[in-house]
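Taking it in order: structure first as C-alpha coordinates, then the write-up.
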Amino acid sequence: MKLAVYGKGGIGKSTTSCNISIALRKRGKKVLQIGCDPKHDSTFTLTGFLIPTIIDTLSSKDYHYEDIWPEDVIYGGYGGVDCVEAGGPPAGAGCGGYVVGETVKLLKELNAFFEYDVILFDVLGDVVCGGFAAPLNYADYCIIVTDNGFDALFAANRIAASVREKARTHPLRLAGLIGNRTSKRDLIDKYVEACPMPVLEVLPLIEEIRISRVKGKTLFEMSNKNNMTSAHMDGSKGDNSTVGVSETPSEDYICNFYLNIADQLLTEPEGVIPRELADKELFTLLSDFYLKI
(Lines of atoms letter the chains of each structure in order from A; the text may use other names.)
(Lines give C-alpha, C1' and ligand atoms only; values in the text may rest on other atoms or scores of the structure.)
Protein backbone atom coordinates (compact mmCIF):
# COMPACT_ATOMS: atom_id res chain seq x y z
CA MET A 1 0.00 0.00 0.00
CA LYS A 2 1.28 3.44 -0.93
CA LEU A 3 -0.02 6.58 0.77
CA ALA A 4 0.51 10.24 -0.10
CA VAL A 5 -0.13 12.76 2.67
CA TYR A 6 -0.97 16.33 1.62
CA GLY A 7 -2.30 19.47 3.28
CA LYS A 8 -1.81 23.18 3.77
CA GLY A 9 1.72 24.23 4.71
CA GLY A 10 2.24 24.16 8.48
CA ILE A 11 -0.88 22.12 9.14
CA GLY A 12 1.06 19.27 10.75
CA LYS A 13 1.55 16.79 7.92
CA SER A 14 4.95 15.56 9.06
CA THR A 15 3.83 15.08 12.67
CA THR A 16 0.77 13.23 11.41
CA SER A 17 2.78 11.18 8.91
CA CYS A 18 5.38 10.06 11.46
CA ASN A 19 2.77 8.96 13.96
CA ILE A 20 0.74 7.12 11.32
CA SER A 21 3.93 5.37 10.16
CA ILE A 22 4.61 4.13 13.68
CA ALA A 23 0.97 3.12 14.15
CA LEU A 24 1.19 1.03 10.97
CA ARG A 25 4.46 -0.49 12.19
CA LYS A 26 2.79 -1.38 15.49
CA ARG A 27 0.20 -3.24 13.46
CA GLY A 28 2.99 -5.42 12.12
CA LYS A 29 3.62 -3.74 8.78
CA LYS A 30 7.02 -2.97 7.27
CA VAL A 31 6.92 0.79 6.67
CA LEU A 32 9.01 3.28 4.70
CA GLN A 33 8.35 7.01 5.04
CA ILE A 34 9.60 9.24 2.22
CA GLY A 35 9.85 12.96 2.91
CA CYS A 36 9.16 15.02 -0.21
CA ASP A 37 10.14 18.52 0.89
CA PRO A 38 13.31 20.55 0.26
CA LYS A 39 13.46 21.18 4.05
CA HIS A 40 14.09 17.42 4.39
CA ASP A 41 12.68 17.39 7.93
CA SER A 42 9.75 15.02 7.41
CA THR A 43 11.44 12.15 9.24
CA PHE A 44 13.17 14.24 11.90
CA THR A 45 10.96 13.02 14.74
CA LEU A 46 11.59 9.41 13.68
CA THR A 47 15.38 9.55 13.30
CA GLY A 48 16.27 12.40 15.66
CA PHE A 49 18.36 14.22 13.06
CA LEU A 50 18.16 15.59 9.51
CA ILE A 51 19.18 12.65 7.34
CA PRO A 52 21.01 13.19 4.02
CA THR A 53 18.71 13.51 1.03
CA ILE A 54 18.52 11.28 -2.02
CA ILE A 55 19.47 14.20 -4.24
CA ASP A 56 22.51 15.08 -2.12
CA THR A 57 23.64 11.46 -2.16
CA LEU A 58 23.15 11.14 -5.91
CA SER A 59 25.02 14.38 -6.48
CA SER A 60 27.96 13.20 -4.36
CA LYS A 61 28.15 10.07 -6.54
CA ASP A 62 27.82 12.00 -9.83
CA TYR A 63 24.46 10.25 -10.30
CA HIS A 64 26.08 6.82 -10.63
CA TYR A 65 23.28 4.70 -9.24
CA GLU A 66 25.50 1.64 -9.16
CA ASP A 67 27.70 3.29 -6.52
CA ILE A 68 24.86 3.73 -4.03
CA TRP A 69 23.79 1.15 -1.47
CA PRO A 70 20.54 1.00 0.52
CA GLU A 71 22.30 2.07 3.73
CA ASP A 72 23.44 5.26 1.96
CA VAL A 73 19.88 6.56 1.67
CA ILE A 74 17.61 4.49 3.95
CA TYR A 75 17.86 5.25 7.67
CA GLY A 76 16.26 3.39 10.53
CA GLY A 77 13.83 5.38 12.65
CA TYR A 78 11.96 4.97 15.91
CA GLY A 79 9.81 1.87 16.19
CA GLY A 80 11.42 0.22 13.18
CA VAL A 81 10.12 2.68 10.57
CA ASP A 82 12.60 3.14 7.70
CA CYS A 83 13.13 6.70 6.48
CA VAL A 84 14.17 8.43 3.25
CA GLU A 85 14.34 12.14 2.44
CA ALA A 86 14.00 12.98 -1.24
CA GLY A 87 15.15 16.56 -0.77
CA GLY A 88 14.52 19.11 -3.47
CA PRO A 89 16.04 21.21 -6.22
CA PRO A 90 17.92 24.44 -5.45
CA ALA A 91 15.67 27.36 -4.53
CA GLY A 92 14.22 28.96 -7.63
CA ALA A 93 15.40 26.18 -9.93
CA GLY A 94 14.39 22.70 -10.94
CA CYS A 95 11.25 20.70 -10.26
CA GLY A 96 10.08 18.85 -7.18
CA GLY A 97 8.44 16.23 -9.36
CA TYR A 98 11.80 15.35 -10.89
CA VAL A 99 13.24 14.82 -7.40
CA VAL A 100 10.41 12.47 -6.43
CA GLY A 101 10.89 10.56 -9.68
CA GLU A 102 14.62 10.18 -9.06
CA THR A 103 13.91 8.96 -5.53
CA VAL A 104 11.51 6.26 -6.70
CA LYS A 105 13.90 5.30 -9.52
CA LEU A 106 16.79 4.84 -7.10
CA LEU A 107 14.72 2.84 -4.62
CA LYS A 108 13.67 0.55 -7.46
CA GLU A 109 17.31 0.19 -8.55
CA LEU A 110 18.12 -0.84 -4.97
CA ASN A 111 15.24 -3.36 -4.99
CA ALA A 112 13.81 -1.51 -2.01
CA PHE A 113 10.66 0.09 -3.41
CA PHE A 114 8.63 -3.11 -3.38
CA GLU A 115 10.00 -4.59 -0.15
CA TYR A 116 7.65 -2.63 2.13
CA ASP A 117 4.06 -3.32 3.11
CA VAL A 118 3.42 0.43 3.30
CA ILE A 119 5.23 3.38 1.72
CA LEU A 120 4.12 6.80 2.94
CA PHE A 121 4.98 9.95 0.97
CA ASP A 122 4.91 13.10 3.13
CA VAL A 123 4.54 15.94 0.63
CA LEU A 124 5.19 19.65 1.13
CA GLY A 125 2.42 22.23 1.39
CA ASP A 126 -0.35 22.76 -1.10
CA VAL A 127 -0.42 21.26 -4.58
CA VAL A 128 0.67 24.18 -6.73
CA CYS A 129 1.92 22.38 -9.83
CA GLY A 130 2.09 18.97 -11.48
CA GLY A 131 5.56 18.45 -10.03
CA PHE A 132 4.47 18.47 -6.42
CA ALA A 133 1.52 16.25 -7.33
CA ALA A 134 4.04 13.64 -8.56
CA PRO A 135 3.75 11.38 -5.47
CA LEU A 136 0.12 10.84 -6.43
CA ASN A 137 1.42 8.98 -9.49
CA TYR A 138 2.70 6.23 -7.20
CA ALA A 139 0.02 6.28 -4.49
CA ASP A 140 -2.97 4.04 -3.92
CA TYR A 141 -4.49 6.52 -1.50
CA CYS A 142 -4.22 10.22 -0.77
CA ILE A 143 -4.75 11.52 2.77
CA ILE A 144 -5.45 15.21 3.35
CA VAL A 145 -4.54 16.83 6.66
CA THR A 146 -6.61 19.88 7.53
CA ASP A 147 -8.07 21.76 10.45
CA ASN A 148 -11.39 23.49 10.99
CA GLY A 149 -10.19 26.66 9.29
CA PHE A 150 -10.92 28.54 6.09
CA ASP A 151 -7.45 28.36 4.50
CA ALA A 152 -6.79 24.70 5.27
CA LEU A 153 -10.07 23.63 3.69
CA PHE A 154 -9.33 25.72 0.61
CA ALA A 155 -6.05 23.82 0.31
CA ALA A 156 -7.87 20.52 0.88
CA ASN A 157 -10.26 21.33 -1.94
CA ARG A 158 -7.40 22.01 -4.32
CA ILE A 159 -5.71 18.76 -3.35
CA ALA A 160 -8.99 16.95 -3.95
CA ALA A 161 -8.96 18.36 -7.49
CA SER A 162 -5.47 16.93 -8.00
CA VAL A 163 -6.63 13.52 -6.80
CA ARG A 164 -9.50 13.56 -9.26
CA GLU A 165 -7.15 14.51 -12.09
CA LYS A 166 -4.57 11.82 -11.26
CA ALA A 167 -7.32 9.21 -10.83
CA ARG A 168 -7.94 9.48 -14.57
CA THR A 169 -4.73 7.59 -15.29
CA HIS A 170 -4.37 5.10 -12.42
CA PRO A 171 -6.44 3.68 -9.53
CA LEU A 172 -5.80 6.46 -7.03
CA ARG A 173 -8.44 7.16 -4.38
CA LEU A 174 -8.87 9.70 -1.61
CA ALA A 175 -8.84 7.79 1.68
CA GLY A 176 -10.17 10.83 3.52
CA LEU A 177 -9.48 13.88 5.66
CA ILE A 178 -7.67 14.03 8.98
CA GLY A 179 -8.54 17.00 11.15
CA ASN A 180 -5.43 17.97 13.11
CA ARG A 181 -5.41 19.85 16.42
CA THR A 182 -8.83 21.43 16.24
CA SER A 183 -11.35 22.14 18.98
CA LYS A 184 -14.27 22.11 16.54
CA ARG A 185 -15.19 20.24 13.37
CA ASP A 186 -18.27 22.11 12.20
CA LEU A 187 -16.57 23.65 9.16
CA ILE A 188 -15.01 20.31 8.22
CA ASP A 189 -18.45 18.70 8.37
CA LYS A 190 -19.90 21.52 6.26
CA TYR A 191 -17.22 20.96 3.61
CA VAL A 192 -17.58 17.16 3.41
CA GLU A 193 -21.35 17.60 3.18
CA ALA A 194 -20.83 19.66 0.03
CA CYS A 195 -17.86 17.62 -1.24
CA PRO A 196 -18.44 14.07 0.02
CA MET A 197 -15.37 12.29 1.36
CA PRO A 198 -14.54 10.26 4.48
CA VAL A 199 -13.22 11.86 7.65
CA LEU A 200 -10.71 9.37 9.04
CA GLU A 201 -10.20 11.13 12.36
CA VAL A 202 -10.30 14.53 14.04
CA LEU A 203 -7.54 15.03 16.59
CA PRO A 204 -8.42 17.37 19.45
CA LEU A 205 -6.58 20.59 20.21
CA ILE A 206 -3.97 19.00 22.47
CA GLU A 207 -0.70 20.78 23.17
CA GLU A 208 1.28 17.53 23.33
CA ILE A 209 0.92 17.16 19.55
CA ARG A 210 2.72 20.45 18.95
CA ILE A 211 5.24 19.83 21.72
CA SER A 212 6.21 16.47 20.22
CA ARG A 213 7.40 18.20 17.06
CA VAL A 214 9.40 20.74 19.03
CA LYS A 215 11.00 17.94 21.05
CA GLY A 216 11.84 16.04 17.87
CA LYS A 217 10.00 12.92 19.03
CA THR A 218 6.87 11.12 17.98
CA LEU A 219 3.97 10.88 20.40
CA PHE A 220 4.57 7.13 20.59
CA GLU A 221 8.15 7.66 21.77
CA MET A 222 7.06 10.31 24.28
CA SER A 223 4.36 7.97 25.56
CA ASN A 224 6.78 5.09 25.93
CA LYS A 225 9.33 7.18 27.84
CA ASN A 226 6.70 8.72 30.11
CA ASN A 227 5.21 5.31 30.88
CA MET A 228 8.64 3.94 31.77
CA THR A 229 9.37 6.96 33.97
CA SER A 230 6.00 6.71 35.71
CA ALA A 231 6.46 2.98 36.31
CA HIS A 232 9.90 3.57 37.79
CA MET A 233 8.72 6.42 40.03
CA ASP A 234 5.61 4.53 41.12
CA GLY A 235 7.72 1.53 41.99
CA SER A 236 10.11 3.59 44.07
CA LYS A 237 7.42 5.59 45.92
CA GLY A 238 4.82 2.89 46.48
CA ASP A 239 1.29 2.31 45.22
CA ASN A 240 -0.10 5.49 46.79
CA SER A 241 2.19 7.80 44.80
CA THR A 242 0.57 10.28 42.44
CA VAL A 243 3.72 10.72 40.37
CA GLY A 244 2.94 10.62 36.63
CA VAL A 245 -0.69 11.63 37.08
CA SER A 246 -1.60 14.52 34.79
CA GLU A 247 -4.69 16.64 34.28
CA THR A 248 -3.98 16.71 30.53
CA PRO A 249 -4.69 13.78 28.20
CA SER A 250 -1.86 11.25 28.15
CA GLU A 251 0.19 10.50 25.06
CA ASP A 252 -1.39 7.02 25.12
CA TYR A 253 -4.78 8.65 24.60
CA ILE A 254 -3.47 10.63 21.62
CA CYS A 255 -1.70 7.62 20.10
CA ASN A 256 -5.02 5.81 19.92
CA PHE A 257 -6.18 8.33 17.33
CA TYR A 258 -3.29 7.37 15.04
CA LEU A 259 -3.83 3.66 15.66
CA ASN A 260 -7.46 4.13 14.63
CA ILE A 261 -6.33 5.81 11.39
CA ALA A 262 -3.90 2.94 10.73
CA ASP A 263 -6.62 0.36 11.32
CA GLN A 264 -8.91 2.08 8.83
CA LEU A 265 -6.18 2.25 6.19
CA LEU A 266 -5.27 -1.40 6.63
CA THR A 267 -8.80 -2.42 5.67
CA GLU A 268 -7.91 -1.01 2.22
CA PRO A 269 -11.01 1.19 2.11
CA GLU A 270 -12.84 1.86 -1.11
CA GLY A 271 -12.04 5.57 -0.88
CA VAL A 272 -13.52 8.15 -3.22
CA ILE A 273 -12.73 10.09 -6.36
CA PRO A 274 -13.68 13.54 -5.06
CA ARG A 275 -15.58 16.19 -6.97
CA GLU A 276 -14.02 19.39 -5.73
CA LEU A 277 -16.05 22.57 -5.37
CA ALA A 278 -15.48 25.54 -7.64
CA ASP A 279 -13.48 28.26 -5.90
CA LYS A 280 -16.40 30.68 -5.85
CA GLU A 281 -18.77 28.03 -4.52
CA LEU A 282 -16.34 27.05 -1.77
CA PHE A 283 -15.67 30.66 -0.83
CA THR A 284 -19.40 31.32 -0.55
CA LEU A 285 -19.97 28.14 1.47
CA LEU A 286 -17.24 28.86 4.00
CA SER A 287 -17.66 32.63 4.24
CA ASP A 288 -21.43 32.34 4.70
CA PHE A 289 -20.82 29.85 7.48
CA TYR A 290 -18.47 32.25 9.26
CA LEU A 291 -20.86 35.18 8.87
CA LYS A 292 -23.68 33.22 10.49
CA ILE A 293 -21.65 32.56 13.62
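Here the Cβ of each residue, glycine as well, is placed from N, Cα and C on the backbone.
Per Swiss-Prot, the ATP site holds G10, I11, G12, K13, S14, T15, N180, R181; the candidate it also names there, chosen from K39, K61, K108, K225, is K39. Counting other CB atoms no more than 10 Å from each candidate's CB, the binding-site residues G10, G12 peak at G12. Same-chain residues at least 6 positions away in sequence with a Cβ under 8 Å from that of K39 (ATP binding site) are, in sequence order, L124. A separation of roughly 21 Å, to the nearest angstrom, links the Cα atoms of S14 (ATP binding site) and C95 ([4Fe-4S] cluster binding site). Pairwise Cα distances among G10, I11, G12, K13, S14, T15, K39, N180, R181, which the record gives as the binders of ATP, peak at 23 Å. DSSP gives S14 (ATP binding site) a helix state.
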